[in-house]
Amino acid sequence: MKSPLAPGIRLITSFSRDSWYRTFILFLTFLFYTAYHLSRKPISIVKSELHRNCSIVIRPADLNVTNNATWCDWEPFDQDNYQTLFGILDNCFLVTYAIGMFFSGIFGERLPLRYYLSVGMLMSGLFTCLFGLGFYWNIHSLWYYACIQVMNGLVQTTGWPAVVACVGNWFGKGKRGFIMGVWNSHTSVGNILGSLIAGVFVDSAWGMSFIVPGLIIASTGILCFFFLVEKPEDVNCTPPQHHSDQDSGEVEPLLQNSPRISNGAISSEPSSEVVEDPTEAISFCGALSIPGVMEFSLCLLFAKLVSYTFLYWLPLYISNVAHFDAKEAGDMSTLFDVGGIVGGIMAGLVSDYTGGRATTCCVMLIGAAPMLFLYNYIGQRSLGTTIAMLLVCGGLVNGPYALITTAVSADLGTHESLRGNSRALSTVTAIIDGTGSVGAALGPLLAGLISPTGWNNVFYMLISADILACLFLSRLVYKEAQGWCGRVPRVRGFKEI
């Protein structure tokens, strides 16, 4: 009698070849961008070690010091303006990242993604390690650390447009919000791992807090070079269907006679053909002309302002207000990212179910504003309150940010008006995330300037940014509400906005 096939083998064979490849690419790109964020996080953990309260630090008996107040600080961050200096370092990275992002998408469309990502991760690993080597080389020049941050900001722009374009090549619209909500947890996972790894070394040798993440992202760059597959067609897999006449039973899109974007320019002539893969990539202005790109870009500017202020300043805030040491503050700050994972997945699920990407973002942003106010005033009263508030704030702040940078970017990059131009996704992603990165640069800069006047003012700035993010989505929310009321046919994926 022939024995039945082993359960594990039956499970393996139940998935098609296409499914295995898609799962593999999703895992690889998740790993790549986890490494990108992992290498960005150490500086926020190390800040509270570079400038400490030396009065509570035990001084070695054989150490001869001239200033009892700053003997344990790392020059040049031993001055009273240390928060401004930290803000300079943050913005050296974030401003160059924001500027470089607008060009990164253009390069990403014209260069092989595998080479582009591999070189980007190797170079990012190099500059991250160089920052940490400043500890061992006993470097106390602000210019050294600032230049490293500038170069790292530029090479880090290789990541986001490339991984989103790769995932967009492999996955269609069907469950894109949920899939990308789960996939986008790489941002929070990277932040968590970066915090934990940096926290292991921060009290003893803070240079290793940078060197270890730098080696990790360089290793993933090598992995990318050997294993990344950019498109399903490269391995004879079936490409996803980005557009269909009916999407989950919904009605025909309203853009049948809308302008189409061909060869980087807007054309009002109707076309009966679908362009499979134009030889020319879309232009910057052509990408801006896609309905919804401007609104979501400006919304992300303020949403990312809030998220990145927490990314770079939350450990220092916890250390100053709750009086935790550097490692404890870093560990506690990871709860914000844990909440961000749940928030991103929930945002994707809800937007898939309702078809309302803009409304989902707006509701979460409205909820985030009062929660930020409450966290500042009651968040440090007890350990339980701190944990709960960090989880809730993380979910509400990072949920819209995650949805816009993933599912929304992919939807707009494969918009109906593009008529199958598969090369637009990287540019659209770069425009949206590049605009958001302007906010990411402004947030930590403003926090550095405002925090000396009191942390309350920093939180008022964050609440104002959340409200402004909502306002930029008001037109899109109105359109989605009309669709739900039956006045306008509702379609998923921004076929009509």
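Cβ coordinates come from backbone N, Cα and C, glycine included.
Taking TrEMBL as the reference, the stretch among 183-202, 423-442 described by the feature transmembrane segment is residues 183-202.
Confidence over the domain 'Major facilitator superfamily (MFS) profile' (28-481), given as mean pLDDT on the 0 to 100 scale, stands at 81. Sequence-distant residue pairs (6 or more apart) of the transmembrane segment (208-229) and the transmembrane segment (183-202) include at least 3 whose Cβ atoms are under 8 Å, placing the two stretches in contact.
Between the transmembrane segment (384-404) and the listed ranges 84-103, 183-202, 296-314, 358-378, 458-478, the one holding the most Cβ pairs under 8 Å is 358-378.
Note: the stretches the transmembrane segment (458-478) and the transmembrane segment (296-314) are in contact (3+ CB pairs below 8 A, sequence gap of 6 or more). For the transmembrane segment (358-378), the list of distant contacts is 292, 295-296, 299, 303, 306, 343, 347, 350-351, 385, 389-390, 392-393, 395-397, 399-400, 403-404, 408, 455-456, 459, 462-463, 466-467, 469-470, 473-474, 476-477, 479-481: same-chain residues at least six beyond its ends, Cβ to Cβ under 8 Å.
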